[in-house]
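Working notes for the structure below.
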């Protein structure tokens, strides 16, 4: 218990004693004293103690505070007037108290004030690859003969004897020997040392391990000069500090002329029984009083019942030390730590979740943050690989995409195609015969264009009658379509390279749809699909724009952009463009002898062009609306208009638990109530956030409400069954065939003469193969053997007859892969800029591929140098340096090397390039793999070279875990690099922002470096 706590208890005793006397009846007879303190009617400060007195009360500031009681302010024990609180290194003031901390490389002593050296070599060899040597306040790594210490000061580089002058032991360098481009050697010093005038020796400075001093250090021309706190004296070794009483005894014993003189002094001290003798028996602090000695303990310790001994307080036992997550007790203090995925805030108590989704390049598609972690998801048609990346799924590699005939893979999807003379079935998988030349002319209209005048202004409408699709691209961009393009147009190419969508002997002209594309502009409006208010959506007598043809497909793509007006002070305007594509079909049944097919087509084309002219005027005046399921939507919003009925979410979304979520599959967004409504029976919806449901292929209206895909529509044949149209009545797949999907018109043969045990099977696994293949293999129905999946494919299941292609441009290291995680991107990652950039191993943060080789070149602009930060690197040491990252001046093995490693290091390191340009190479062998690396860099003005090197070479930058986390925090590194690359950007960050971003010790370290750089002479 500290002295401040003792004073606190004394104040409590005084207050209780005063109250007891009043209860005992002291005072004037009959007088009733009012206890303002207990009634709370006093006006004492919150940091004061209320002491009741006869007829009044007193306010006494609590220990650690000063003032007259009604106003109390904290005493800053760390000020010079209080001798830094008795702390030999750093003093941190806290309300009503203070706390001592030590420089990196030291730990707090039992007295809570002194600082003792930490032997870093005891913990994982100090991170040194070979030899670790402890020193006062620091440590240093050394290498065995034939090795050089790399610039990260931990790893050792081995070089051959050829052309290496530094291999000569007589090179004369005290610390580091470097090869120069012109030949010969140049000496350098370890961090915290200055190169002497002879350019060979190294002079220790206070930047390295506090200059070897236990307390204070001051740089002089001859090296560090050590000093001690006022209660201590410098030991004869010139570095260590001892208490003055102890030092006085040592000096007096040294100067004693006789044993008798010493005996007299000892006897006198024993008789006096004061703190001068054996510190009064106190473990820590001793104070002489009228009744004898009184022992006390520093902050972080408590006095034991013997009144002499001090015991460390385990702060972690009381409310976990105030730490959010982990609490680690230390001698006289404690430290807080956080779980993985969290960071410690600058109050050194609170843990905050790291929002990885706020970082750049975290996920390719969708990022979902969660406490302590995050998850990457991919959009439909893509699959996850390498932890965060999304690659297109090649559905055609999985049993031909279940297509009956041809399969064409596309980005995020795929299409089944049919041979000439056949068309796609409604299930988009099977091919059926075309019903003559007029099959397309019988297609019903999917949309309708109409206009009507309101108040002299013509309003035009696009009414979606059938299938609609809404795809929001951003806050100011979306795509809306009605109908299905080219419903019967997907065909397989002929042998001569052409394709056909009609039956034999039919002309293409009557059945080919008319397609027209147009671009419209809306001034001073932003793309925002919004339900139109009921007051504005009045009944209007409308007339169709196209009465001689069917509109089978319309798509509207709306995107907005800012366009600056003329004049410097003119604000920019919002300009929106709508790109529309129309697909119409003639009403061939209206053909006559006076106007046959060609004539009808020409009239339809003229009608479509005339309709586009009318639409251009309507859209330009923002009088164009889209109608879906009875709800009218405005396609764009003018800034002056208030967004009515939007709530806080966009179209297709509703508010749930404070978040905007899209309407789920099986539902659609109804703009009138602004809610998600279930699909009615006979319709389905397999996508999120849509404005309508798609009619089921069956016209009978079967199926349950809320169908989430076409397979949930009623009346379809179940898996293992088929029919001519895919609807009931159905028959079972014959023996030797199977069908895994509903609503199909046929079954797939097992192949190779294989049979099934019974009819109605739904999987190839039901085929009686002669061998049951394990994952990583597929069954060959020709040879009846299990074949390993080739490189670039995988198979996670048993008994399959195919392998799945790796997503995107990824591949596998070997054949026989069993999981998509084995698929790796072979591309060497990174972005190389003049001021900032990064390099990363292929497939990062997933494991890099085997036999990879990457080369990067960093060439900064003139008069700029390169600073590199390696937050962490994962290279398996089991490979015996088969995977290597090297940075040097050029591709020549003899050029100046800046960094080289073949090991895993989770401790970050920062260093400057030894050459103006960098050639970087990463190579991996065929053995073990690892996560690899993502290494950022920044180029800075060479005038700051001395300052930057002084910072990155100071061991204090890496000793603290808080400092290490800074070099791993992508947001903080980005902020630091922003200022280093462009110093004027420093003024973007306020002092408060800096305090909230960085720990106090880190700011103090940088401030001292910058001050020394700007004012080198005192």
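Note that Cβ sites are derived from N, Cα and C of the backbone, with glycine treated the same way.
Annotated features in Swiss-Prot:
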COMPBIAS  496-512  compositional bias 'Polar residues'
DISULFID  37-50  disulfide bond
DISULFID  44-59  disulfide bond
DISULFID  78-91  disulfide bond
DISULFID  102-115  disulfide bond
DISULFID  323-336  disulfide bond
DISULFID  338-351  disulfide bond
DISULFID  357-367  disulfide bond
DISULFID  363-376  disulfide bond
DISULFID  378-390  disulfide bond
DISULFID  403-416  disulfide bond
DISULFID  828-854  disulfide bond
DISULFID  881-902  disulfide bond
DOMAIN    33-73  domain 'EGF-like 1'
DOMAIN    74-116  domain 'EGF-like 2'
DOMAIN    117-153  domain 'EGF-like 3'
DOMAIN    166-202  domain 'EGF-like 4'
DOMAIN    206-241  domain 'EGF-like 5'
DOMAIN    275-310  domain 'EGF-like 6'
DOMAIN    312-352  domain 'EGF-like 7'
DOMAIN    353-391  domain 'EGF-like 8'
DOMAIN    392-428  domain 'EGF-like 9'
DOMAIN    828-940  domain 'CUB'
CARBOHYD  255  N-linked glycosylation site
CARBOHYD  400  N-linked glycosylation site
CARBOHYD  496  N-linked glycosylation site
CARBOHYD  709  N-linked glycosylation site
CARBOHYD  780  N-linked glycosylation site
CARBOHYD  809  N-linked glycosylation site
CARBOHYD  819  N-linked glycosylation site
REGION    493-512  region 'Disordered'
SIGNAL    1-20  signal peptide
Item to check | residue 357 (disulfide bond) versus residue 881 (disulfide bond) - Cα distance in angstrom | outcome: 34
Item to check | Rounded to the nearest Å - Cα separation of residue 780 (N-linked glycosylation site) and residue 102 (disulfide bond) | outcome: 70
Checklist entry - Within 10 angstroms of the C-beta of residue 115 (disulfide bond), what count of other C-beta atoms is obtained when all protein chains are considered? => result 24
Item to check | Interface present between the domain 'EGF-like 9' (392-428) and the domain 'EGF-like 2' (74-116) (three or more C-beta pairs under 8 A) | outcome: no
Next on the checklist: Applying a 10 Å Cβ distance cut-off over all chains shown, what neighbour count does residue 378 (disulfide bond) have?
Outcome noted: 20
Checklist outcome for this item: Same-chain residues at least 6 beyond the ends of the domain 'EGF-like 7' (312-352) with CB under 8 Å of its CB atoms are 99-101, 107-112, 298-302, 371-374, 961-962, 965, 969, 995-1000
Checklist entry - Of 323, 363, 376, 400, 416, 854, which recorded positions are close to residue 59 (disulfide bond), meaning a Cα within 10 Å of its Cα? => result none
Next on the checklist: According to DSSP, collapsed to three classes, what secondary structure does residue 37 (disulfide bond) have?
Outcome noted: helix
Checklist outcome for this item: Cβ neighbour count (10 Å, all chains) around residue 403 (disulfide bond) is 21
Checklist entry - Given the disulfide-bonded residues 91, 338, 363, 367, which lie close to residue 378 (disulfide bond), meaning Cα to Cα within 10 A? => result 363, 367
Checklist entry - Counting across all protein chains shown, how many other Cβ atoms sit within 10 Å of the Cβ of residue 367 (disulfide bond)? => result 17
Checklist outcome for this item: Top stretch by Cβ pairs under 8 Å to the domain 'CUB' (828-940) (candidates 117-153, 206-241, 275-310, 353-391, 392-428) is 117-153
Checklist entry - What is the Cβ neighbour count of residue 102 (disulfide bond) at a 10 Å cut-off, with all protein chains included? => result 23
Next on the checklist: Need this for a regression test: disulfide-bonded residues 376, 416, 902, filtered to those with Cα within 10 Å of residue 390 (disulfide bond). What's left?
Outcome noted: 376
Next on the checklist: In whole Å, how far does the CA atom of residue 367 (disulfide bond) lie from that of residue 376 (disulfide bond)?
Outcome noted: 5
Checklist outcome for this item: Smallest number of other CB atoms within 10 Å: among the disulfide-bonded residues 44, 357, that is 357
Checklist entry - CA-CA, which of the recorded positions 37, 336, 357, 709, 854 lies nearest residue 115 (disulfide bond)? => result 336
